[in-house]
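These notes concern the structure reproduced below.
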Amino acid sequence: MNPSVPKVMKRENNTHLLVSKEMNDTSLQLPSTTRSLSPKESNSNEDFNVDGNETTLQRISKDYLKPNIGLVLLTVSYFFNSAMVVSTKVLENDPDDIANDRQIKPLQILLVRMVITYIGTLIYMYINKSTISDVPFGKPEVRKWLVLRGCTGFFGVFGMYYSLMYLTISDAVLITFLAPSLTIFLSWVILRERFTKVEALGSLISLLGVVLIVRPSFLFGTPELTDSSSQIVESSDPKSRLIATLVGLWGVLGMSCVYIIIRYIGKRAHAIMSVSYFSLITAIVSFIGINTIPSMKFQIPHSKKQWILFGNLGVSGFIFQLLLTMGIQRERAGRGSLMTYTQLLYAVFWDVALYKHWPNIWSWIGMIIIISATLWVIRIRAANNETTAKDLTPIIDDEENSIPLTEFDLSDSK
């Protein structure tokens, strides 16, 4: 008999013993692993999760949040916009500052807000430099469009800030609801999109709503003088209200141009880059205006409340612009424009919460007219887009899918 055979058999027996021991150890651990599982959990692999809530959250995120992420971003952005608007209203209409000739003007508010916002954009861009290209000025081929976005953005925000001096928060915000109709008109002029009679009629009806907000004296007569507390909420002077409304309409034009430019740029520039140009250009223009316009005086905040309000302007403005740009880039124009109506809910809330002021009957009628006309136009336009082959391709993330503005002589130089 070969003497090596017992050694082999012994080695195999030892190996068998080791394997058996490991299996026994594993089997001893199995009850502790499965003991916490309920019958429902053990019979359903789909619903099983250690936390118990993750699957539900993932399903909600997949079915509702992700498909509508653009709408969510826009809704949240408009909340921060409302916080910024109400801070502006309080700063511009402080009765003590008005009585002592220390009223803070819109350009000063814009300067402070945009300086804070621009600093925030620089910090954000350099922290995320690995994911944001060409910091801090963006790609050379889109810089001229970013500059144009900043210039038109200034007119848009100045129109709103000026109108807040003489109109209620809800009235000033309501005027901006003309932006969707004006955007459609500008799309016809610049992008050569269709502009139907229905859309033209809807725009005219919206203007009727604006007239009810302005309430000119030749139509509504001279209003009775009200107490000083009411004057803080809104002016009773028809001339002041008319000028404020016209400046607000000029701001609406700027907003519409911003929307088209951002849609053209698409994702060729990071959202924060658009905010950066907007804040920088607005700060520069505001600084020049304060130092060249004789009636402008730079007022240093003299109370804790004013410092807090100025700080809120900068922080809320930064978040608003960032989320707004991200939302516009991710959502179709029709659905995205519907979210602007959340601003009205916020505005009425602030008017009531801060000033105990409900809109009067004419403002309510104007509100209903403007909203109804705009919704009507958007609905008709959406229906037409479904039946025509001339739709714009949604912007994804490259230059090929951008709206071809260049063929309309808007980019002469490079």
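Cβ coordinates are placed from backbone N, Cα and C, and glycine is handled just like the others.
According to Swiss-Prot:
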REGION    20-51  region 'Disordered'
COMPBIAS  25-51  compositional bias 'Polar residues'
CROSSLNK  Lys40  ubiquitin cross-link
TRANSMEM  67-87  transmembrane segment
DOMAIN    78-215  domain 'EamA 1'
TRANSMEM  107-127  transmembrane segment
TRANSMEM  145-167  transmembrane segment
TRANSMEM  172-191  transmembrane segment
TRANSMEM  200-220  transmembrane segment
TRANSMEM  242-262  transmembrane segment
TRANSMEM  270-290  transmembrane segment
TRANSMEM  308-328  transmembrane segment
TRANSMEM  358-378  transmembrane segment
Next on the checklist: Below 8 angstroms Cβ to Cβ, which residues of this chain, lying six or more residues outside the transmembrane segment (358-378), approach it?
Outcome noted: 168, 170-171, 174, 177-178, 180-181, 184, 198-199, 202-203, 205-206, 208-213, 215, 220, 334, 337-338, 341, 344, 348, 351-352
Checklist entry - Taking pairs 6 or more apart in sequence, does the count of Cβ pairs under 8 Å between the transmembrane segment (270-290) and the transmembrane segment (172-191) hit 3 or more? => result no
Item to check | Ranked first among 67-87, 145-167, 242-262, 308-328 for CB pairs under 8 angstroms with the transmembrane segment (107-127) | outcome: 308-328
Checklist entry - the transmembrane segment (242-262): which same-chain residues, six or more beyond its ends, come within Cβ distance under 8 Å? => result 145, 148-149, 152-160, 162-163, 165-167, 172, 175-176, 178-179, 182-183, 186-187, 190-191, 210, 213-214, 216, 235, 274, 325, 328-329, 333, 403, 405
Checklist entry - Do you know the DSSP helix, strand and coil residue counts for the domain 'EamA 1' (78-215)? => result 106 helix, 0 strand, 32 coil
